[in-house]
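Asks: Please read through the structure below; I'll follow up with questions.
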């Protein structure tokens, strides 16, 4: 009996291996057929920004403001307005910013205002969250919201909302900055940097991305389809971690947005609009002002940066408290 059992085991294993091989082959065949059935597009090497431009303003967005700031910014002349994209559920992140880099409203006599940009809660409205958000707005008055769904692919709608809000309700801002809730901002450094500029018009800066390739990997969140963006490279643009522009550009960019179809990447979209307006990126001489990728920063480095990306709410609070201590830096 023993030899028969030993003979049967390899046969079973061979049969199992054969089944797995056939299964993998079938899956591979399916993927090949699926890929071949997809429409294929030639990547356009030479970029023509007029490809995105429509002569009629057919892309003007008419979403309704459902929450707006308490302060009457139209009667103020803020030096800087910081607009932070946030999800409705990011309660802790907003609070962390309110008690750290967004707390102080005046730096050396220059007014700095911070607001949060939200859409409507995605999927079914969470009534508890909706009530909490209303209470938060009553308490702080710093939430700006429209009635589009708050999703990753709608980030561009938030940016368009931000430009519209500045146009209609805060037109006297000298500078605006768009950033995210996971970004550490050294507000004092930012104000100093802007005060030391030689010019304050037609100004745009941040973490520059030049000749950045469009990514076609379908299962990655940074994927963009050929239909949406047919070119090989993106325009020169600044990362959405934190870009800054002078107030005079806001109405020009907002008007251009009504002629340019939104794409899923809001920072690239702003870059397209600015390229159509022939506005160049001001590249900072100091390469240590903006950090796109999370890196280890000590307290002395934090005192030198303007914006660093990839921090949790807890880390933002901790690093802000550490930065305020009287630590002597020798570099």
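Backbone N, Cα and C atoms are what each Cβ position is placed from, and that goes for glycine too.
Per Swiss-Prot, topological domain 'Cytoplasmic' is recorded for 1-20, and the stated evidence type is sequence analysis. The transmembrane segment feature in Swiss-Prot is assigned to 21-43. Residues or ranges marked as topological domain 'Lumenal' in Swiss-Prot: 44-331. Sequence annotations record features per position, and here Swiss-Prot assigns N-linked glycosylation site to 72, 154, 198, 212, 326 based on sequence analysis.
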Asks: How big is the Cα-to-Cα gap, in Å, between residue 72 (N-linked glycosylation site) and residue 154 (N-linked glycosylation site)?
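Replies: Each residue's Cα considered, residue 72 (N-linked glycosylation site) and residue 154 (N-linked glycosylation site) end up 27 Å apart.
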Asks: State the count of C-beta atoms found within 10 angstroms of the C-beta of residue 212 (N-linked glycosylation site), not counting that atom itself.
Replies: 16
Asks: Please report the DSSP secondary structure of residue 154 (N-linked glycosylation site), reduced to three states.
Replies: helix
Asks: When you measure from the Cβ of residue 198 (N-linked glycosylation site), how many other Cβ atoms are you left with inside 10 Å?
Replies: 5
Asks: Rounded to a whole number, how many Å is the Cα of residue 198 (N-linked glycosylation site) away from the Cα of residue 212 (N-linked glycosylation site)?
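Replies: Between the Cα atoms of residue 198 (N-linked glycosylation site) and residue 212 (N-linked glycosylation site), the distance comes to 29 Å.
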Asks: Do you know offhand how many angstrom separate residue 212 (N-linked glycosylation site) and residue 154 (N-linked glycosylation site) by C-alpha?
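Replies: Residue 212 (N-linked glycosylation site) to residue 154 (N-linked glycosylation site), Cα-Cα distance: 21 Å.
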Asks: Please identify, from the glycosylation sites 72, 154, the residue with the sparsest Cβ neighbourhood, meaning fewest other Cβ atoms within 10 angstroms.
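Replies: Checked 72, 154; of these glycosylation sites, fewest Cβ neighbours within 10 Å: 72.
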